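Student: Please see the structure below; I have some questions.
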Amino acid sequence: MPSNKSVSDAPIVQFTNCRILRSHQLQREDLWVREGKILNPEKLFFDEKGSADIQLDCKDSIIAPGFIDVQINGGFGVDFSLATDDFKSGIDLVSQKILSHGVTSFCPTLVTSPPSVYHQVLPQISIRNGGAHGAGILGVHLEGPFISKEKKGAHPENCLRTFEAGAFQDLLATYGSLDCVRIVTLAPEMKRSSEVIRELTKRGICVSLGHSVANLSQAEEAVQHGATFITHLFNAMLPFHHRDPGIVGLLTSDKIPAGRRVFYGMISDGIHTNPAALRIAHRAHPKGLVLVTDAIAGMGLAPGRDTLGQQVVEIDGLNTYIAGTKTLSGSVATMDTCVRHFQEATGCSVETALEAASLHPAQLLGIEHKKGTLNYDSDADFLMLNDGLYVQATYIAGEEVWRQDALGM
């Protein structure tokens, strides 16, 4: 009888005594992993006549896909919008530290900055797989500077830009390069934004609508040109109005092209969005909700002063303001906190809460065939959580990269 080495010499790990999130349900099954991928046990048994080399008892934990944060400005004293000589060590530090929050991949986010900052910082960021060194980098999220002055939020007004005659060339000149860019947030009501949205979409870059005073028809037009995301819904946009619901109206618009889904980010920290607003959005369009932290450099640090790009920020508990104002500026919430708050605020199922931080961001970025699920052949990036949705251990490519100290296994 052939051994399980007939296909590969790599060890097979069987995670037992667990509930796996698969096909939108927690299922009492074992999880089989080899060479960083999730195995189909039937193929293993019947085609390879194989078996596990290592068995791990998960002690009735939930196993869920790793979280994906598509909007994170920094953390632990590191600000991705500041050009520094040791920028690479800063991004390495954040990617290491967020493993404990269950984040296995992320999009480092830059807020509105002078062109010189983009030109210095972007070449220092490269797309890479996660591992013991930290969460994987999926590409950069550029939030601004092509956004509305009226809804600039914590973005510095003197760095805001509009699209000139050669709109896309203007964007290229501002950023310097789009090589590692995955998401661009812009205001769709700006002149010439349609051609920019089309060109970005053609290059496989996700266009997000945000920091905007767009009405609904302008937002719908942007989606028809290729936009697929809304940056932190309700924040930095016109409030919902029954005669013109603005960008918020995209959640129930009947003008979305067939086969297209509009996703929207929500900062579920209990501060940026009232729980009632979170419930309204979730009930209106549950399959589009993507949890984001919008975390700033102060995440993981004691209250005090820190930065968000060109601005000084004051942190008071979970509130973060531009110094001397009451303008909210990002968050200090961690992704696992956002998942727990979302579940508590909406009363949704555990499965729904977990998918809003894993499956939905993967679908937004078009990587759901390998990330954000525990389907066979997908990447073995997953978490062990207890019933309270506290992360007990984080795995990337089937290897344990973080574990809660108090737990022995």
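For all residues, glycine too, the Cβ spot is worked out from N, Cα and C.
Here TrEMBL flags 62-401 as domain 'Amidohydrolase-related'. The Zn(2+) binding site annotation in TrEMBL covers Glu143, His211, His232. The annotation substrate binding site is assigned in TrEMBL to Ala154, Asn235, Ala236, Arg243, His272, Leu328, Ser329, Gly330. For Asp294, the entry in TrEMBL reads active site, proton donor/acceptor.
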Student: Of all the Cα pairs drawn from Ala154, Asn235, Ala236, Arg243, His272, Leu328, Ser329, Gly330, the residues the record ties to substrate, which distance is largest, in Å?
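Tutor: Max Cα-Cα spread across the substrate binders: 30 Å.
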Student: Sort out for me which one of His211, His232, Arg243, His272 has the most neighbouring CB atoms within 10 A, since those are the binding-site residues we care about.
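Tutor: Per the Cβ count within 10 Å, the most buried is His211.
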Student: I'd like to know which of these binding-site residues, Ala236, Leu328, is least surrounded, judged by other CB atoms within 10 A.
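Tutor: It is Leu328 that, of the binding-site residues Ala236, Leu328, has the fewest other Cβ atoms within 10 Å.
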Student: Taking only same-chain residues 6+ apart in sequence, whose CB is under 8 Å from that of the residue listed as 'active site, proton donor/acceptor', what do you get?
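Tutor: The list for the residue listed as 'active site, proton donor/acceptor' reads Gln71, Ile72, Asn73, Thr109, His232, Gly265, Ile267, His272, Gly330, Ser331, given in order along the sequence.
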Student: For Leu328 (substrate binding site) and Glu143 (Zn(2+) binding site), what Cα-Cα distance in Å is obtained after rounding to a whole number?
Tutor: 16
Student: Taking His211 (Zn(2+) binding site) as the reference, which of Asn235, Ala236, Arg243, Ser329 (the binding-site residues) have a CA within 10 A of its CA?
Tutor: Asn235, Ala236
Student: If one looks at the chain holding Ser329 (substrate binding site), which residues at least 6 apart in sequence have a CB under 8 angstroms from its CB?
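Tutor: The answer is Gly153, Ala154, Ile296, Leu308, Gln311, Val313, Thr320, Tyr321, Ile322.
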